[in-house]
Amino acid sequence: MSAKKTSPAPTRSAKKAVAPAPATSTEAALPPDAPEQAAPAQEEALPLFSELGLSEPIQRAIDEMGYRHPTPIQAQAIPYVLMGRDVLGVAQTGTGKTASFTLPMLEILQGSRARARMPRSLILEPTRELALQVAENFVNYGKHLKLTHALLIGGESMAEQKEVLNRGVDVLIATPGRLIDLFERGGLLLTQTKLLVIDEADRMLDMGFIPDIEKIVGMLSPLRQTLFFSATMAPEIRRLADAFLSNPKEITVSRPSSVASTIETGLAIVDGADKRRALRKLLREADMQNAIVFCNRKRDVDVLCKSLIKHGFSAGALHGDLPQSVRFSTLEAFKSGALQILVCSDIAARGIDIGGLSHVFNFDLPFHAEDYVHRIGRTGRAGRTGHAYSLATPDEEGLAQAIEKLTGKPIPRIEVKGVDNLEWSDEPRPAGGRRKSRAESGSRRKSNAAPPAPAPASAAPVEEAAPAPKPSRSRSAPAMGSGRRDQGLLPAAPDHAITGFGDDIPAFMQLPRREKPVVPADE
DNA sequence: AAAAAAT
């Protein structure tokens, strides 16, 4: 049952009367065209927002946004939150999780007012972008209420945030670092915070935020209501939930598109040096509205984005090293359609909700298979078919296998015209071999024919035991402080010796020269 | 190995 966002809303059921709230029966409830008992069976089964006990100003905001049916997590969680219960929600983004806590929070908070420096509720998010997204949610659903909220995230002026706090806020949305910082400076009191939301707990765990979270929870009154959300329920997460929640109502909703059949996937194996060309080809051939392209590294995000722009694409870059102002405006530009392509790191792999995304491209296969699911889950939403295409180099069979094992589905191979389409190479690569393979891009064997020499395949898994690679590495001078840590970046730079610098070759010159997006006019 | 988050 796809109680997704909402049906366009011409089909109005006759259930409107059930609304328990003082609702002024939300005008426009029954348009003249009311299709009588049309489609009762289906419609009947779906719950309505108006049945959830939200008051008129909130219900009106929901109506105005065109939403009619709550998603499963919303339908299940909202009544319990309103009841004052703790909630443990196992759900990931795309399930409507955010509104499942923002809506009842608005309901609970309306009516009384905040006092200076004492926020009445707190929402913790792992990334700044998610915090912004939640704030947006409050703006949308709270527009007929007089509640205030503040965003407490890094990368932006603290003075301004402090000032808002001083005036008193009902809802504080924060990333952990800045919150603790401000708390320790005395700009904030959490004793009156009676409602806590911990969002994306599993990701907080991945990012090492748990100690911070524990610290923050310790600053709150034990007499609080806590809502805890996580996409998974690993033992570690369970332990946290036990520590933070009391007698929670547990709600689990199935992921919206674990490997949704609504996503068409494909994988091309190409040489690292051909990746950009292959991607451009895919981008041009796709019937694409907008797309996210994921890279594993921030620097590759920059490089790829520049290259795409140079080739005439409308692209912007998003990763954690960019200034917050840029992150924000780029994301907005992409959401608004001003940018067609968003090139990003895994900062955007989870959580970020961008409606109507037609394509996801993995410029690199993610290191962790779960991230593949998160990444491609950005597309194929709301019942539309999404497309997710990935590029891999021949030595990444392991990553692909891990993904296929996790999802239980093979990723169909695709061929990209105009580049060498390779096979998995079964020669086990010695550690460190990868860098090299990039630099010497010139002499690629094409494998349109059979895969290369039938290396002893799995026969020799452990080759040259005890590689003893880095015992002698410039151990000598730990170098004081900064700067020098590039010293041993590359052992001997065999491929492309650089002469004339003695021992002081600047590190950047030792890096394989893959950049120079001077890519000659391809096709 | 990489990314995120406080300065």
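For all residues, glycine too, the Cβ spot is worked out from N, Cα and C.
In TrEMBL, the annotation region 'Disordered' applies to A:1-42, one of the ranges A:1-42, A:379-420. Which of A:47-75, A:250-278, A:482-510 counts as motif 'Q motif' depends on TrEMBL, and there it is A:47-75. Residue counts for the motif 'Q motif' (A:47-75) under DSSP, split into helix (H, G, I), strand (E, B) and coil, are 16 helix, 0 strand, 13 coil.
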